[in-house]
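Working notes for the structure below.
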Amino acid sequence: KTAPRMEDDEEFGVSRAGSSSEQSLPRSSVIKLIKDVAPDDFKCAPDVHALLNECLSEFLQMVTMQTNEASSKEKKTTLSEAHVLTALRTLGFDRYADACEGASGKPQDPKAALRAEKKRKRKAQQSQLSEEELTRMQQELFAGARQRMEAERSGVGDAM
């Protein structure tokens with residue numbers, strides 16, 4: 001794995017001033033997240049914290065890059081909620097985008113919200129896949145997104 005170039009960071013609006021060469025979330029935030037979602041009797045090895053932190057950082061970086069791309073396509077200089085939602089959907093995270101849209105606190109069209117809820121329930125019922133199959137599919141989506149991100153990065157570097 002090669003280290004990201006500073007030109008790439010500036011292109012995507014990432015500042016590395018005062019940070020280590022790898023961007024990551026605060027360790028305490030990752031631990032709190034694990035505690036919030038895991039059962040009370042759950043124990044987690046320290047190396048799992050680091051692995052989850054790396055996964056979260058990769059996910060955030062992919063969403064951020066796609067959000068910047070959505071904003072650039074519209075020739076906007078300010079990222080908006082719509083750009084983030086577009087990025088999530090482009091990366092194949094429709095369910096997360098729908099959940100974010102619902103949690104934004106903005107009033108939704110009640111008919112559209114009802115249709116979205118029915119669609120989510122229908123998809124869940126139609127899914128006959130096991131937990132392992134869903135996990136494998138999710139990992140494949142992450143791998144594909146990572147490949148697209150790396151291809152875009154190498155394309156940006158070639159243009160300079």
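Placement of Cβ uses the backbone N, Cα and C atoms for every residue, glycine included.
Some features that TrEMBL has for this protein:
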COMPBIAS  17-27  compositional bias 'Polar residues'
COMPBIAS  147-160  compositional bias 'Basic and acidic residues'
DOMAIN    24-88  domain 'Transcription factor CBF/NF-Y/archaeal histone'
REGION    1-28  region 'Disordered'
REGION    100-160  region 'Disordered'
What is the three-state DSSP composition of the domain 'Transcription factor CBF/NF-Y/archaeal histone' (24-88), stated as helix, strand and coil residue counts?
-> 47 helix, 0 strand, 18 coil
Averaged over the domain 'Transcription factor CBF/NF-Y/archaeal histone' (24-88), the pLDDT of the predicted model comes to 90
